[in-house]
C-alpha cells in the first residue's frame with residue numbers, strides 16, 4: 001500500500017506536485033466546515049430558568065448550594081431539579097417547563113401537593129462543564145425552538161448542493177483559476193463571519209453562503225487537479241483529494257477538544273487553511289481550459305512555465321498540438337457521418353433504453369447511499385459514547401487507508417468486484433452494530449469505523465466508475481447527475497441521524513438497507529477495468545451485454561502524438577469530471 005502511494009507521488013512532476021498539494025491542502029477546509037456543526041450545535045443538559053437567587057438545590061437524594069454541582073448527576077432528560085429560592089419559594093425545574101409549589105414547608109424532592117405550571121420565561125440554565133457556549137445555548141434553540149437547531153446541518157448541505165451546481169458551471173465559463181481564488185477567499189471570509197453573526201437567522205444565512213463556496217471549491221478542485229496531473233496518476237490524484245477532506249474532519253475533532261466556545265472554535269477552524277488563501281493567487285489557469293477558450297498564447301505561457309519547473313528542454317508548442325487535434329477532428333468527420341456526437345443531450349438520454357436506464361438507477365442509488373452512509377457515520381460518531389472528540393478523529397482517520405485500498409483494489413480486482421463486497425459488507429456491519437451491547441463502547445466505535453471504511457471505499461470508487469460506465473456524449477451528464485444524487489444524500493443524512501430519537505438504531509438500519517440494495521443491484525453493472533471508454537450509447541449498451549459493437553466506428557478522441565506531449569508535463573487533455 002505504502003509503495004503504491006510512493007509511486008503515485010513520484011509520478012507527479014515538480015510543477016504538478018506543487019499545484020496538486022496546494023489545491024488538495026485547501027480541501028481540508030471543506031472537510032472542516034462540512035462537519036463543524038457536530039460540536040458547534042451541541043445541545044447540553046438544560047432546565048428552565050427561575051426568578052430569583054438560589055439558596056439550595058435538590059436532585060433526588062443529593063443536595064447542593066448551586067445548580068452547577070448537580071449536572072454531574074444528571075442522567076436523563078426526564079429528570080427534574082428542585083430549587084429553593086432566597087425568598088422561600090420552591091420550584092421544580094424540568095427541561096421545557098417549571099412549576100411552583102403552592103405550599104412550601106420542607107424542601108423535598110417528591111411533592112404531592114398543588115403546583116402551578118409556568119412557561120420558561122426566564123430563559124434556560126445550561127450545563128457548561130463540557131461546552132462553555134454553543135449556538136444552541138447562545139440563542140436558546142431548545143424545546144419549541146429545537147427544530148431550528150436541527151435545521152443547521154440540513155441547510156448547510158442544501159448550500160453544498162446549490163454551490164456545486166453554480167460554481168461548476170461558472171468554472172466552465174470563467175475558468176478554474178478564478179473560481180479557486182473566489183471560493184478559497186470566500187471560505188475564509190464567510191468562515192470568520194459566521195463567528196460574528198448576531199442572531200440565529202444571520203448565522204444560518206452566512207453558513208449557507210459558506211457551504212456554497214466550500215462545495216464550489218471541492219467540485220472545481222477535482223477538475224483542476226485532474227487537468228494538471230497525468231493520465232497515469234489521475235485515479236490516485238482524485239482519491240487523495242478525499243484524503244485531505246478526511247484530514248479536515250480530524251482537525252475539527254482536535255480543535256473541538258481544545259476550544260469549547262463556539263465562536264472561538266469557528267475562528268480557529270477558519271484560519272486553519274489561511275496560508276493557502278495568501279498564495280492561491282499564484283496558481284495558474286489550466287492549459288486545457290485556456291485551449292478550449294482559444295487563448296493559445298496564455299496556454300503556451302503556462303506550458304513554458306511547467307517546462308522550466310520540470311526541467312524539460314523541449315516543451316511542446318501549442319500550435320503543433322492544435323494542428324494535430326484539428327487533423328483528428330477532420331478524420332473523425334470523414335470516417336463517421338453519424339451526427340449523434342453533435343446532438344444536444346439531456347437527462348433523458350440516461351434512460352434511452354432498458355440497459356442504460358437500469359444502469360443509471362443503480363449508479364444514482366450508489367451515489368445516494370455512499371453520501372448518506374458517509375455523513376450518517378460521521379455525524380453519529382459524537383453520540384457513540386466514550387470520548388466524542390476521539391470518536392470523530394478516528395472516523396476521519398479511518399478514511400486515509402480506505403482510499404489507498406480502494407485504488408489498489410479497483411486496479412487489481414476491478415471496479416465492480418471492489419464495489420459489491422464493500423457495499424454488502426457495510427450493510428452487514430450496520431446490522432452487527434445493532435447486536436453489540438451498549439456498554440461495549442470500544443467495540444461499537446471500532447464497528448462504526450469499519451462501517452465508515454467500507455462506505456468510504458465505495459464512495460471514493462463511484463466517481464471514476466460512473467465516468468467509465470457511460471459514453472463520451474453523456475459522460476459529464478452522468479457524473480453530474482450522480483453528484484446531484486450525492487448532494488441529496490448529504491441533505492437527507494442529518495434528518496436520518498435525528499431518527500435516533502425514535503430508535504437508536506434507525507439511522508444504521510436505513511443505511512444498511514440502502515447499502516445492501518445497492519450492492520445487489522451493482523451485480524448487474526458491467527466491469528470496466530481494462531476496457532476502452534465508449535463514445536456512443538450503442539457501445540455503452542453493448543458493453544453491458546458483454547459484446548463488442550461493430551455497428552459503429554469509434555472516432556479517435558485524441559491523437560497519440562498530442563497525448564504524448566501533454567503527458568510529458570503530466571497534464572490530461574480531457575477532464576473526466578468530478
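Each residue, glycine too, has its Cβ placed from N, Cα and C.
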Annotated transmembrane segment segment (source TrEMBL; candidates 327-343, 344-360, 361-377): 361-377
126-146, 147-167, 294-314 - the range that TrEMBL marks as transmembrane segment: 147-167
Residue numbers, six or more beyond the limits of the transmembrane segment (237-257), whose CB comes under 8 Å of its CB atoms: 8, 12, 20, 23-25, 27-36, 38-39, 218, 221-222, 225-226, 229, 265, 268-269, 272, 378, 389-393, 395-397, 399-400, 403-404, 406-407, 456, 459-460, 463-464
Recorded stretch, among 147-167, 179-198, 442-465, 477-497, 503-525, maximising Cβ pairs under 8 Å relative to the transmembrane segment (417-436): 503-525
Region pair the transmembrane segment (147-167) / the transmembrane segment (477-497), three or more CB pairs under 8 Å: yes
